[in-house]
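Engineer: Can you read through this structure? Questions will come right after.
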Number of protein chains: 2
Amino acid sequence: MTQCLNWQQLNADEQAAALARPSLPDSAALKTTVAGIIAEVRRDGDAALKRLSAQFDGLADNALLLSKAQRTALIAQLKPERKAAIELAYGNIRRFHAAQQPTDIQVETTPGVFCELRQRPIGSVGLYIPGGSAPLPSTVLMLGVPAQLAGCPRTVLVTPPGRPAAADIAPEIVYAAELCGIQQIFTIGGAQAIAALAYGTESIAKVDKIFGPGNRYVTEAKQQVSQDAAGAMIDMPAGPSEVLVLTDDSANPAFVAADLLSQAEHGPDSQVLLVSTSQSLIERVLQQVEQQLKILPRADIARQALSHSRAIYTPDLATAVAVTNAYAPEHLIVQTQDDEALLPQFNSAASIFVGPWTPESAGDYASGTNHVLPTYGYSRTASSLSLTDFFRRFTVQKLTAAGMRAIGPAIVTLAEAEQLGAHALAVSLRLQQLDLQQPDLQQQGSTQGESLNER
Amino acid sequence: MTQCLNWQQLNADEQAAALARPSLPDSAALKTTVAGIIAEVRRDGDAALKRLSAQFDGLADNALLLSKAQRTALIAQLKPERKAAIELAYGNIRRFHAAQQPTDIQVETTPGVFCELRQRPIGSVGLYIPGGSAPLPSTVLMLGVPAQLAGCPRTVLVTPPGRPAAADIAPEIVYAAELCGIQQIFTIGGAQAIAALAYGTESIAKVDKIFGPGNRYVTEAKQQVSQDAAGAMIDMPAGPSEVLVLTDDSANPAFVAADLLSQAEHGPDSQVLLVSTSQSLIERVLQQVEQQLKILPRADIARQALSHSRAIYTPDLATAVAVTNAYAPEHLIVQTQDDEALLPQFNSAASIFVGPWTPESAGDYASGTNHVLPTYGYSRTASSLSLTDFFRRFTVQKLTAAGMRAIGPAIVTLAEAEQLGAHALAVSLRLQQLDLQQPDLQQQGSTQGESLNER
């Protein structure tokens with residue numbers, strides 16, 4: 001069912017089509033529905049959340065906030081093996097993100113002119129964790145660990161309610177949240193959860209920034225609240241998940257097949273590409289895919305994704321790299337004889353998995369890298385979620401009298417060039433004052449080596 | 001004309017109103033016009049740009065690209081004093097931004113599990129420099145210096161055409177671009193310039209990310225192309241520029257007045273706030289404002305901005321800080337007896353100017369900090385433009401066989417918890433293979449201290 005293509009036999013239009021992503025549905029109906037839900041939550045607060053939970057989740061009385069006792073009881077249900085696996089993943093993710101701690105920067109750009117770039121955690125962040133067919137504790141860690149390391153003063157988690165009661169959510173999610181020190185967990189999902197985070201309700205205080213993946217209602221709601229200055233910022237643009245596996249003849253076909261299927265099982269809209277310099281390897285991989293599908297629980301979903309997947313033969317590795325760069329995959333798996341030689345040539349992948357022992361699953365769960373990644377070609381410009389996404393950067397500057405003397409005349413010249421008279425006046429008034437006060441102390445302050453913080 | 005308020009005498013609604021920003025016009029007509037211009041440029045390329053330049057700029061034949069000879073001739077016209085001032089500003093901005101160079105991060109999170117965060121310059125960036133009533137060479141430096149320091153392989157500048165000929169743009173802009181090593185300057189402005197950068201034409205190759213301020217057509221066009229995955233990313237959300245000056249009784253009223261007017265002269269929609277613990281200081285500042293207005297060339301614009309400005313009296317500095325944090329100003333000027341004591345208390349300003357010798361003009365032009373800043377309350381979450389905005393961050397990971405043995409079982413456990421069978425299979429197949437190959441070499445690779453780059 002995978003479409004097999006020979007890159008060199010395609011014309012330019014066919015090559016573009018081979019790497020094209022599906023158009024994302026631009027549904028006016030979806031936009032209207034989501035805008036209606038947001039308006040309802042802004043108007044009625046908790047009452048709207050409970051009403052929508054009754055309507056969409058069939059829950060008569062969703063208490064929204066998971067109590068401390070409920071959290072403790074859920075964690076007590078967790079199997080020890082899973083607890084240990086979550087702890088192992090937490091440790092690796094923490095070690096990798098802890099190494100990303102930003103440092104404040106101080107520069108005396110001219111004697112007496114002190115400039116700083118300071119980085120402080122964002123005040124409040126909201127983490128959306130999808131529910132549905134399977135719980136996603138890994139996403140809790142990917143969002144919760146950097147929020148914890150950044151020291152965001154307030155971190156809340158929202159996730160769709162469980163069944164039969166709202167509080168019956170996956171123990172794995174609650175335990176991962178506990179490790180990350182998340183203060184509040186609310187059992188509410190969908191566009192209504194995003195609206196609550198962006199605008200606040202009686203129970204859920206407004207947050208500054210919203211992180212996390214979700215279905216198309218969640219994605220549309222994130223988009224809408226991010227367009228409103230009274231709403232909230234969001235982590236990154238969303239799109240279907242995708243992988244490109246690049247191989248030569250040396251790759252293990254069973255490994256490659258499982259890696260392709262790992263992506264395909266995410267959802268029917270997952271994008272799966274195999275690029276190889278070996279026709280024989282492509283054939284062996286596709287045979288393995290068929291065999292593995294027989295034993296996979298989510299084979300139906302994977303088959304739908306594979307129906308629009310492509311295997312592309314290229315005559316050499318240089319062409320394979322060029323195809324990869326043109327596609328700009330979210331996940332790039334490289335399994336060739338000399339991976340390291342290729343690595344510096346990739347310029348658009350969001351996360352790269354190197355060698356036979358590095359499946360995408362490793363990064364999805366436990367290597368330590370973040371699995372929240374730009375997709376749909378955005379990785380040409382956008383970045384892997386990192387610790388820095390939980391910080392705000394701002395500048396501080398202080399001129400001493402000597403600093404003003406040193407750069408003031410240039411500022412007046414530039415302000416006059418830009419015809420901004422008050423900008424010039426703000427400086428010339430100060431220069432006049434300095435001339436009056438201390439005509440013989442023009443060097444004052446410039447040689448003291450004082451920094452902004454020491455003053 | 002400034003509205004004077006006593007914070008403690010306001011009720012909660014009045015306090016909110018005192019800090020409210022004006023609603024941004026949500027003009028359906030503007031959106032339609034801009035969408036039409038974008039569609040025209042996508043369809044007709046250079047022909048559309050030339051047609052729109054004839055229509056909006058009255059230019060019969062806009063050649064679009066400024067030739068090398070034209071650039072040289074323009075620079076030759078530049079006054080030496082202005083050249084020196086641009087060079088001084090360039091030096092300071094360069095020193096401050098050079099200190100922000102990111103470093104790649106490598107962590108062995110578990111023996112045999114190597115994770116990296118790499119930072120590479122964005123491939124191509126487009127800088128929009130407004131034209132109109134006054135040239136803005138300072139904005140060229142604020143965008144061009146970090147692009148140069150990041151090493152973006154392609155940096156192009158667009159700016160509205162000059163008069164009488166398109167090539168008659170300000171020499172200051174061309175010289176600043178020359179210092180920043182900008183390869184191409186195109187004389188095209190407005191929404192059509194943004195469309196050309198986002199989608200490309202025959203003359204202007206598509207860029208990955210667009211930076212820079214502009215009028216409401218430019219802002220709307222940036223918004224529209226950033227919503228399209230085939231378009232381009234943009235630097236940050238836009239809004240009217242704003243300042244908040246916080247003082248006690250010790251401030252120099254003439255300085256404060258000039259600082260308020262520096263913001264007011266930017267445009268009729270500029271936001272200007274004075275917050276002070278001294279009623280007397282407020283009165284003296286407002287008197288100074290009236291006096292300075294008499295000599296300012298842009299007094300008419302400043303008066304319009306001041307008509308919706310506010311002076312807020314607070315009983316103490318703690319309240320003044322709270323008001324400041326609630327407003328979240330783009331520019332915060334602090335002129336009090338002990339500025340340093342207040343500094344750690346601010347949690348939402350985008351750029352802070354400390355003390356009597358640090359007018360906003362310093363940061364606008366030459367202290368070294370970036371003057372491209374989040375406004376309209378976005379500084380609660382968004383950041384000052386920094387070197388990092390010209391980079392993309394991506395991750396690389398590599399597991400050795402030992403690394404796979406160490407974390408593979410936990411990955412299988414987590415994948416099973418999330419009911420993702422192929423994710424589990426991708427790991428269990430590898431663990432089986434390792435068991436077959438090297439049952440007695442489980443430690444292989446874990447003690448060699450090898451890093452990803454060394455392999």
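Quick reminder: no glycine exception, Cβ is built from N, Cα and C everywhere.
Per TrEMBL, the features are:
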{"type": "ACT_SITE", "residues": "A:E330", "note": "active site, proton acceptor"}
{"type": "ACT_SITE", "residues": "A:H331", "note": "active site, proton acceptor"}
{"type": "BINDING", "residues": "A:Y128, A:Q192, A:N215", "note": "NAD(+) binding site"}
{"type": "BINDING", "residues": "A:S241, A:Q263, A:H266, A:H331, A:D364, A:E418, A:H423", "note": "substrate binding site"}
{"type": "BINDING", "residues": "A:Q263, A:H266, A:D364, A:H423", "note": "Zn(2+) binding site"}
Engineer: Give me the Cα-Cα distance between A:E330 (active site, proton acceptor) and A:Y128 (NAD(+) binding site), rounded to a whole Å.
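Structural biologist: So the Cα of A:Y128 (NAD(+) binding site) lies 20 Å away from that of A:E330 (active site, proton acceptor).
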Engineer: With every protein chain in view, what's the tally of Cβ atoms within 10 Å of the Cβ of A:Q263 (substrate binding site), excluding that atom itself?
Structural biologist: 31
Engineer: Rank aside, I only need the closest one: which of the binding-site residues A:Q263, A:H266, A:D364, A:H423 has its C-alpha nearest to that of A:Q192 (NAD(+) binding site)?
Structural biologist: A:H266
Engineer: Of A:Y128, A:E330, A:H331, listed here as recorded positions, which sit with their C-beta under 8 angstroms from a C-beta of chain B?
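Structural biologist: Answer, by Cβ distance to chain B: none.
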Engineer: Out of the recorded positions A:Y128, A:N215, A:H331, give me the one sitting nearest to A:H423 (substrate binding site) by CA distance.
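Structural biologist: Considering only the listed recorded positions, the nearest one is A:Y128.
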Engineer: If you measure A:S241 (substrate binding site) to A:Y128 (NAD(+) binding site) at Cα, how many Å is it?
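Structural biologist: If we compare the Cα positions of A:S241 (substrate binding site) and A:Y128 (NAD(+) binding site), the gap is 17 Å.
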Engineer: Of these binding-site residues, A:Q192, A:N215, A:S241, which scores lowest on Cβ atoms within 10 Å?
Structural biologist: A:N215
Engineer: Counting every protein chain present, what is the number of Cβ atoms, excluding its own, within 10 Å of the Cβ of A:Y128 (NAD(+) binding site)?
Structural biologist: 25
Engineer: What Cα-Cα separation, expressed in whole Å, is found between A:N215 (NAD(+) binding site) and A:H266 (substrate binding site)?
Structural biologist: 12
Engineer: Using DSSP and collapsing to three states, where does A:N215 (NAD(+) binding site) fall: helix, strand or coil?
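Structural biologist: Looking at the DSSP assignment, A:N215 (NAD(+) binding site) belongs to neither helix nor strand, so coil.
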Engineer: With every protein chain in view, what's the tally of Cβ atoms within 10 Å of the Cβ of A:H266 (substrate binding site), excluding that atom itself?
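Structural biologist: Excluding its own Cβ, the number within 10 Å is 22.
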Engineer: Given the recorded positions A:H331, A:H423, which one's Cβ is surrounded by the fewest other Cβ atoms within 10 Å?
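Structural biologist: Counting other Cβ atoms within 10 Å of each of the recorded positions A:H331, A:H423, the minimum falls on A:H331.
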Engineer: Just how spread out is the substrate site if you go by the largest Cα to Cα distance in Å among A:S241, A:Q263, A:H266, A:H331, A:D364, A:E418, A:H423?
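Structural biologist: The span, Cα to Cα at its widest, is 56 Å.
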Engineer: Going by DSSP, is A:Q263 (substrate binding site) sitting in a helix, a strand, or coil?
Structural biologist: helix
Engineer: Taking the Cβ of A:E330 (active site, proton acceptor) as centre, how many other Cβ atoms lie within 10 Å?
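Structural biologist: Looking across every protein chain shown, the total is 26.
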Engineer: Given the binding-site residues A:D364, A:E418, which one is most crowded in terms of C-beta atoms within 10 angstroms?
Structural biologist: A:D364
Engineer: Hey, how far is A:D364 (substrate binding site) from A:Y128 (NAD(+) binding site), Cα to Cα, in Å?
Structural biologist: 17
Engineer: Taking only C-alpha atoms and a 10 A limit, tell me which of A:Y128, A:Q263, A:H266, A:E418 are near A:H331 (active site, proton acceptor). These are the binding-site residues.
Structural biologist: A:Q263
Engineer: The record lists A:Y128, A:Q192, A:N215 as binding NAD(+). What's the largest Cα to Cα distance among them, in Å, rounded to a whole number?
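Structural biologist: Per the listed residues, the maximum Cα distance equals 12 Å.
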